[in-house]
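Structure record follows, encoded as structure tokens.
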Amino acid sequence: MKFTLSWLKDHLETDATLDEIVEKLTDIGLEVESVDDRAAFRAFTIARVLTATRHPDADKLQVLSVDTGDGKPVQVVCGAPNARAGLVGVLGRPGDYVPGLDVTLSVGKIRGVESFGMMCSERELDFSDEHNGIIDLAENAPVGTSFAAYMGFNDPIIEIGLTPNRADCTGIRGIARDLAAAGLGTLKNTLPDAVKGEGETPVKVILDQDAGNPFCTGFALRMVKGVKNGPSPKWMQQRLKAIGLRPINALVDITNYVTFDQGRPLHVFDAAKVKGNLTVRTARDGETILALDQREYKLNAGMYVIADENGPESIAGIMGGEHSGCDENTVDVLIESALWDPRMIARTGRELGIVTDARYRFERGVDPEMMVPGAEIATKLVLELCGGQPTVLDVVGYKPHTARVIDFPVTEVKRLTGLDVSYEDAFDILKRLGFGVEGDGKTIRATVPSWRGDVEGKADLVEEVMRIHGINRIDPQPLPSHGAVNGRILTTLQIRTRHARRMLASRGMMEAVTYSFISEAQAKAFGGGKPELKLANPIAADMSDMRPSLLPGLLAAAQRNADRGFDDIALFEVSGIYEGDTPDKQRRVAGGVRRGTAKVEGAGRFWAGNAAPVGVFDAKADALAALEAAGAPVDRIQIEAGGPEWLHPGRSGTLKLGPKVVLGTFGEFHPDTLEALDVSGALCGFEVYLDAIPEPKAKSARTKPALSLSLFQSLKRDYAFVVDAAVEAGNVVKAVSSADKKLIVGVQVFDIFTGASLGEGKKSIAVEVLLQPQDRTLTDEDLEVLSKQIVASVAKQTGGVLRG
């Protein structure tokens with residue numbers, strides 16, 4: 001919301017300075033976002049260059065004799081390439097502050113020649129980036145006058161950021177009212193008397209709506225005959241330009257002016273272009289309207305229009321139509337002031353993608369009691385600027401506003417804010433804000449004014465009292481100290497999340513944050529798409545479902561990087577997925593994707609050989625590393641071949657703890673999945689469920705036991721077993737490990753071989769077994785006994801035999 005200082009003072013009688021006004025606005029909750037005070041240029045003078053001679057000691061400098069209008073030329077040294085005799089520019093004198101250079105001018109010598117000022121460029125004055133030369137004004141610019149006055153920069157522009165509840169401050173009068181209540185002046189009475197019209201308005205208004213649920217709660221219409229519509233006066237144009245509006249013509253500018261002045265949107269129709277009466281009704285499916293922004297909008301039955309016999313002439317409360325717009329040929333004008341349902345305005349504006357000053361105000365809620373005065377203000381301006389003869393104002397469907405009454409115990413201020421405010425002060429503040437007040441010394445019975453539709457209860461009155469009384473008057477208090485924090489601060493799941501995140505980052509993966517919303521097609525490709533997980537009001541068509549997996553978002557992110565030249569990339573995310581619409585169906589998951597050659601050991605080409613494409617074992621290693629970091633008992637995890645349908649059936653696995661607890665899945669992606677997501681390249685991924693990891697058993701002692709290291713040398717033994725081709729290597733590893741759990745501390749597969757020499761349907765799996773004796777050195781007899789145990793265990797559990 002922008003306004004100029006002089007515009008504010010039309011409503012506020014005050015002697016406060018600009019700085020005081022700006023500070024007070026922020027204090028009372030109307031936060032000032034910017035102040036454009038070009039009046040700071042008032043010290044700079046328009047001056048004419050009389051002569052320009054070359055500097056005696058510098059080829060690129062000139063010595064100028066400058067006329068400032070007082071008959072006493074000033075000598076200035078200047079290096080601008082466009083400096084010349086006859087140029088009219090802007091002179092800064094000693095003592096003037098130059099904002100673009102952040103310096104204060106003084107008399108100085110430049111290469112031995114005194115300079116008594118500076119001819120300025122636009123960038124040096126900080127109102128544009130132009131710096132190719134000094135400012136070159138029109139030849140008839142008045143020499144000796146203030147540059148700020150000449151440019152119309154005497155009026156500072158203030159911009160405030162409004163919260164959605166403060167609809168009353170979408171007009172400058174509302175801002176002035178708050179400042180007056182805060183003690184910074186007196187609110188002027190600027191509302192005019194009703195304009196006396198002659199004769200009825202020939203165009204009637206028909207409200208075609210459900211009387212029990214109206215979308216238009218009032219409509220005022222008046223015709224002014226015989227107007228002369230030309231440019232608006234200079235003062236109005238300057239104010240509109242200052243707040244970023246483009247002057248069009250007097251009639252249109254008046255509606256814009258009243259919109260910002262009073263927070264009361266209006267519209268004007270060229271009466272000659274309106275056929276028959278005006279009907280406020282729902283739009284018909286397929287109807288179109290060419291709006292004032294020169295765009296054609298397709299309407300539907302959920303929208304509302306003001307129509308005549310030709311069809312829609314205005315999108316109600318949002319934007320008028322081009323067909324009935326006012327131009328320089330307008331003679332008879334219809335002035336409209338109406339009340340619209342804020343929800344209807346917001347919905348229609350959102351569907352059509354239209355943002356206007358009228359929509360901004362109506363969807364927040366305008367003052368219902370300003371409908372008629374707003375029309376009177378506009379009528380008075382039309383008569384002053386365009387002439388004409390008004391008819392009687394025709395008001396349809398309006399019912400007087402019923403004020404809300406709130407019983408407000410003043411003790412609520414102390415209870416909710418800790419601020420001590422007396423009954424008398426609270427009473428006075430609410431009265432100054434326009435509330436009707438009466439009370440018994442303890443409780444104030446407050447009648448909410450029509451312009452404060454956001455005040456609904458006691459807490460809102462506390463806010464009003466507090467912001468006017470002054471938040472800065474709250475005494476600062478130190479936070480109470482309760483000593484050291486006892487016990488654990490983070491939950492188990494938070495600790496697991498932190499550890500998993502650090503582990504995956506340490507493995508060369510980059511953390512990503514993807515949307516929790518994905519398209520229906522993506523959701524179905526990853527086991528989702530349930531009706532209860534569809535968004536009621538999605539922000540986009542491709543963000544309609546809550547994600548059942550982290551992998552769709554990560555795959556899309558990896559592909560976007562690949563499209564931009566980053567083919568080898570590893571991404572991970574630790575976040576939530578959704579299996580249902582209840583809290584227990586939201587799971588905490590760590591997921592990751594590797595693409596191209598983005599392996600742990602490095603990606604791309606290097607002197608010792610090119611990195612191979614990522615595959616199932618890279619995803620498996622990531623999944624196990626994340627689970628181990630999160631505290632899962634990885635030594636007890638079982639790995640089953642195969643995974644969910646979005647993974648390759650022969651190159652994927654499932655990590656389980658017992659027959660029921662699934663800790664995660666990993667593998668390469670199914671080609672159909674990649675095609676559905678429009679993703680290509682070598683890709684693998686994983687997901688581990690951090691909330692499925694069992695809680696560790698409680699330990700009797702908080703300290704870790706002493707580390708016990710064996711004093712005896714460890715040793716390794718290799719074994720090769722011939723097994724059926726369907727036997728998994730993991731089962732052989734488990735069988736070997738179970739032969740002697742105390743002595744065998746590690747088993748690793750180092751070779752898998754298939755060939756005719758083994759027989760049809762057979763394969764050889766070779767493992768390295770790490771042995772660690774604890775109490776003595778192993779003898780040959782001990783190793784022989786252990787070998788027999790290993791062979792017997794493998795034969796029993798897998799049917800394998802020792803390869804000869």
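Backbone N, Cα and C define each Cβ position, glycine as well.
Here Swiss-Prot flags Asp454, Asp460, Glu463, Glu464 as Mg(2+) binding site. A helical conformation is recorded for Glu464 (Mg(2+) binding site) in the three-state DSSP classification. Neighbour density for Glu464 (Mg(2+) binding site): within 10 A of its CB lie 22 other CB atoms from the protein chains shown.
The domain 'tRNA-binding' annotation in Swiss-Prot covers 38-148 and is backed by sequence analysis. The helix, strand and coil residue counts that DSSP assigns across the domain 'tRNA-binding' (38-148) are 8 helix, 44 strand, 59 coil.
The domain 'B5' annotation in Swiss-Prot covers 401-476. Across the domain 'B5' (401-476), the DSSP tally of helix, strand and coil residues reads 32 helix, 14 strand, 30 coil.
With DSSP states grouped into helix (H, G, I), strand (E, B) and coil, the domain 'FDX-ACB' (710-803) comes out at 31 helix, 32 strand, 31 coil. Per Swiss-Prot, domain 'FDX-ACB' is recorded for 710-803, and the stated evidence type is sequence analysis.
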Listed in sequence order, residues not in Asp454, Asp460, Glu463, Glu464 with Cβ within 8 Å of the centre of the Mg(2+) site Cβ atoms: Asn165, Arg452, Val455, Ala459, Leu461, Val462
Other C-beta atoms that fall within 10 angstroms of the C-beta of Glu463 (Mg(2+) binding site): 17
Cβ neighbours of Asp460 (Mg(2+) binding site) where a neighbour is any other Cβ within 10 Å: 17
Integer mean pLDDT for the domain 'tRNA-binding' (38-148): 90
Cβ neighbour count within 10 Å of Asp454 (Mg(2+) binding site): 16
